[in-house]
Every structure is written in structure tokens, then in C-alpha cells.
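Enquirer: Just passing along the structure, written as C-alpha cells.
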Amino acid sequence: MSGCFPVSGLRCLSRDGRMAAQGAPRFLLTFDFDETIVDENSDDSIVRAAPGQRLPESLRATYREGFYNEYMQRVFKYLGEQGVRPRDLSAIYEAIPLSPGMSDLLQFVAKQGACFEVILISDANTFGVESSLRAAGHHSLFRRILSNPSGPDARGLLALRPFHTHSCARCPANMCKHKVLSDYLRERAHDGVHFERLFYVGDGANDFCPMGLLAGGDVAFPRRGYPMHRLIQEAQKAEPSSFRASVVPWETAADVRLHLQQVLKSC
């Protein structure tokens, strides 16, 4: 399938009841990065660049729950002080394996023409995410990569900054993915783009917060057995009517691809 067309050539309604613009993407497909696109936590992976492939206990002891970004700023600073340069970190990011079936899924999505608009929301960092995606040949698929800003500083060392501030009590201080996705949808609506359906592929606890934006007809793809999946199950059990989106757990990305294929067949 090289394109995506409504039945009988009719234009479809978006999720807010507006008529979808001709040629506009019909579906927004959002991916997490760590343990979703790639099969590791990239923040753990870069520890391989440290002396002895281990961080000192004095550094690890500085972590505070909810302030992981601040902790990772210290990790990058420490690595830089040990002589680790961005090119060394890039090599590590480039070598992180994709999750099983992920390359096929991303290739499938890329072949669907205007069906999908694809974005990535990650609490990792832009340098690492982009290094990984470029090495895998999938960077151009993503219209926007929304992650903590990072890049070489004036000394040539990798520096990390928080993505934004927010008032969500459930999320880390540097990123609320609900706010990130909400702001993106608002921006696209201002551009005249109104999506028919939202699809969200993730794994972590911070991927649960944006589930509040999903409505009937939308689909959450939590990685089976991971925190996002467990939180969805708890929410469904506590108040079944509160979670309106369909839930399709995945073990390999082939599970996501097969479901999206069925969605396109029903269009």
C-alpha cells in the first residue's frame, strides 16, 4: 500500500469532528525511544563509556526521584571530565539494538505515504536519539523529535538540558509527556491539521500520563509487562470506563505493525 485514502474518496472527519484537510496526515503515530524503539535504556548504555564501565558510587548516590534529568546532567559532566567526547557517546548510541521487529515497523510506516504523521517523545536526549535513528536509517521518518536538548558545549563536551517545566505531579520535573503531546496537537491544529486517530507506542511509566489524551478509536500500544502496561491495567481495573482508547500490548514491534495493517484495511 503506497498511500492512504478514505473509502470512496470521501474526506474523513477528524477526532474533533472537523473535516480532515485534503492531503493532510490522517493519523498521528507517537513513539517513545528507550526500550521502545531501541531495546535498551540508552542512559544505562552510555555507562559503557565510563572508566571500568561503571559510575562511581558517589555520583550514583546523587540521584533523586523525579529529578533524573539533573542526575544525567551530572553523569554527562563526569564522563566529559574522564575524557569521553561526543563522538565516543555517538558510537555507543549507534550500536544500541532496535527492539525486535522495530526496523520492519518503521519501514512499513514510511511506505504508507500521507497516512501517518510520526513523532517521537522521549525523556532521553536529542543527541542520543538522533544518533541512533540516523545510524539505523530511520531519522527522516520523524516529523519532530521531542526530547531533552543536548549537544556539545563550548568545551566540546556533551551537555544536557531539561525539555520544559510543567505542573504535573506525576511526571519528572523536566518532562510531562501529556503536556508535550497536548502542545503538539494544539500546534498542529493551529496549522489546520486535525488527526482522525492517535496511536501511541511506549513502555515506561511516563508514557502513561499522555494516555489521558487518547479517546475512543485511539490506540495505546504498551510494551507487554512494562510499567506503562501495568499502569493501564490498574487504571482499567479501578475504573473501567475511564480508559477509552483500545489497548494493544506488544512483545515485538510486529504486533504493532499487524494492528496498523488492520487499521488501514478498514479505512
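Heads up, the Cβ atoms here are built off N, Cα and C, so glycines get one too.
The model shown is predicted, which means the values in this text are computed figures rather than measured ones.
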Enquirer: Per Swiss-Prot, which one of ASP183, ASP191, ASP203 shares the Mg(2+) site with ASP32, ASP34?
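Expert: According to Swiss-Prot, the candidate sharing the Mg(2+) site with ASP32, ASP34 is ASP203.
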Enquirer: In the structure shown, with every protein chain counted, which of the binding-site residues ASP32, ASP34, ASP43 has the densest set of Cβ atoms within 10 angstroms of its Cβ?
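Expert: Per the Cβ count within 10 Å, the most buried is ASP32.
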Enquirer: So how many other Cβ atoms are close to ASP123 (substrate binding site), meaning within 10 Å of its Cβ?
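Expert: There are 26 of them.
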Enquirer: Report, in whole Å, the straight Cα-to-Cα distance of ASP43 (substrate binding site) from ASP34 (Mg(2+) binding site).
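Expert: Distance between the two Cα atoms comes out at 8 Å.
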Enquirer: Return the count of C-beta atoms lying within 10 angstroms of the C-beta of ASP203 (Mg(2+) binding site), excluding that atom itself.
Expert: 24
Enquirer: Same chain, not part of ASP32, ASP34, ASP203: whose C-beta falls within 8 angstroms of the C-beta centre of the Mg(2+) site? Give them in sequence order.
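Expert: Other same-chain residues with Cβ inside the cutoff are PHE33, GLU35, THR36, ILE37, SER122, GLY202, GLY204, ASP207, ARG223, TYR226, MET228.
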